[in-house]
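Report on the following structure.
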Amino acid sequence: MSEDVSVVVVGSCMTDLVSQAPRLPKAGETIHGHRFFIGFGGKGANQCIQAARMGAKTAMVCKVGRDVFGNDYIQNFKNNGISTAYVEQTENAATGAASIIVNDTGENAIVIVAGANMLLGQEELQRALTAIVNAKVLVCQLEINPDTSLQALRMARENHVKTIFNPAPAIADMCSDFYKASDVFCCNESEAELLTGLSVTSVEDASQVGLELLNRGCGSVIVTLGPQGCVVCQSRNMAPKHIPTTAVTVADTTGAGDSFIGALAFYMAHYPTVSLEEMARRANLVAAVSVQTVGTQTSFPFRKDLPTELF
Ligand code: ATP
């Protein structure tokens with residue numbers, strides 16, 4: 001079954017528990033909110049969902065708790081056509097959760113408990129080995145143990161599987177081996193700043209920072225720039241290329257970066273002869289659809305919702 005999986009994501013699942021209230025409570029205080037909802041999140045799962053909705057055959061390698069949130073998350077993957085053969089449940093920690101309080105002016109307070117995500121390790125990767133080495137593209141981030149992400153990237157590279165690495169959330173002292181293990185290193189402005197110490201406020205800054213990251217050993221670098229699209233750096237001998245995007249009416253940008261990366265993974269797996277710049281152009285347009293609807297995974301478009309020129 002795993003032979004025909006084109007995109008494998010090794011990463012996180014988080015359940016978002018969102019309360020909307022007039023204001024954020026003070027320490028020790030109890031207040032009444034006016035809305036509560038549960039959402040599916042986690043960068044790994046988000047990226048996998050977007051790739052699957054584009055039409056990629058996907059498998060998620062992750063760990064959830066043996067609890068109601070874990071059960072629901074597995075059902076969510078199945079509802080999106082994602083293989084759950086490598087989604088493991090543990091008794092030893094709860095499913096990763098983000099408790100989020102949002103006030104009426106949009107400010108928030110968030111507590112993330114990574115829980116079961118941190119128990120994903122070498123043994124689980126070994127059980128998913130067939131899927132990883134037979135994939136076209138492997139995608140990793142940093143919401144799980146970084147050693148697990150690095151090992152997954154290495155397993156893929158050793159087997160000529162293309163890798164996309166999204167260093168999010170960024171860690172200042174990230175192991176330099178991540179660069180060499182990345183065919184495509186894809187980060188946003190703040191991650192690029194944290195990793196290089198250079199400030200990124202313009203397309204020119206992003207180009208410079210992209211070249212700096214390229215020098216650290218990545219195959220290619222993409223720096224995403226929100227409404228300005230992204231910058232693609234492919235080699236020291238080629239000028240970085242700004243890929244602008246279209247102006248849209250924004251409802252909620254949460255998860256835009258994950259939509260972009262999920263779409264990119266789909267294109268790398270299914271259109272390997274298309275240039276990286278063209279893939280980035282198309283991924284911009286997919287992510288631009290996601291920002292026009294509220295929510296994270298709920299805003300990610302399906303193939304049927306996208307213009308045929310993107311395929
Ligand atoms: P987030 O943390 O909100 O998920 P991010 O900071 O990781 O996102 P961004 O660089 O903000 O990533 O956005 C990723 C991509 O989403 C951009 O490269 C672009 O293609 C698209 N995008 C984001 N914001 C907008 C916007 N306002 N208009 C159009 N496209 C957008």
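Quick reminder: no glycine exception, Cβ is built from N, Cα and C everywhere.
The feature domain 'Carbohydrate kinase PfkB' is assigned by TrEMBL to 6-301.
Secondary structure from DSSP puts Ala45 (substrate binding site) in a helix. According to TrEMBL, the feature substrate binding site maps to Met14, Thr15, Asp16, Gly42, Lys43, Gly44, Ala45, Asn46, Glu143, Asp258.
In three-state terms derived from DSSP, Asp258 (active site, proton acceptor) belongs to a helical segment. Sequence annotations record features per position, and here TrEMBL assigns ATP binding site to Asn188, Thr224, Leu225, Gly226, Pro227, Gln228, Gly229, Thr245, Gly257, Asp258, Asn284.
Ser290 (K(+) binding site) has a Cβ environment of 29 other Cβ atoms inside 10 Å. Per TrEMBL, the feature K(+) binding site maps to Asp252, Thr254, Ser290, Thr293, Gly295, Ser299.
A 10 Å cutoff on Cβ-Cβ distances gives Asp258 (active site, proton acceptor) a total of 30 other Cβ atoms nearby, all chains included. The active site, proton acceptor feature in TrEMBL is assigned to Asp258.
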Listed recorded positions Leu225, Gly229, Asp258, Ser290, filtered to Cα within 10 Å of Ala45 (substrate binding site): Asp258
Close in space, distant in sequence - Gly257 (ATP binding site), Cβ under 8 Å, 6 or more apart: Asn166, Ala168, Asn188, Thr224, Ala287
In sequence order, those binding-site residues of Ala45, Asn188, Pro227, Gly257, Asn284, Thr293 whose CB lies under 6 Å from ligand 1: Asn188, Pro227, Gly257, Asn284
DSSP-derived structure type at Met14 (substrate binding site), helix or strand or else coil: strand
Using Cα positions only, nearest of the binding-site residues to Glu143 (substrate binding site) (Thr254, Ser290, Gly295, Ser299): Thr254
Neighbours of Lys43 (substrate binding site) among the recorded positions Leu225, Gly229, Asp258, Ser290 (Cα to Cα, within 10 Å): Asp258
Separation of alpha carbons, Asp258 (active site, proton acceptor) and Met14 (substrate binding site) (Å): 14
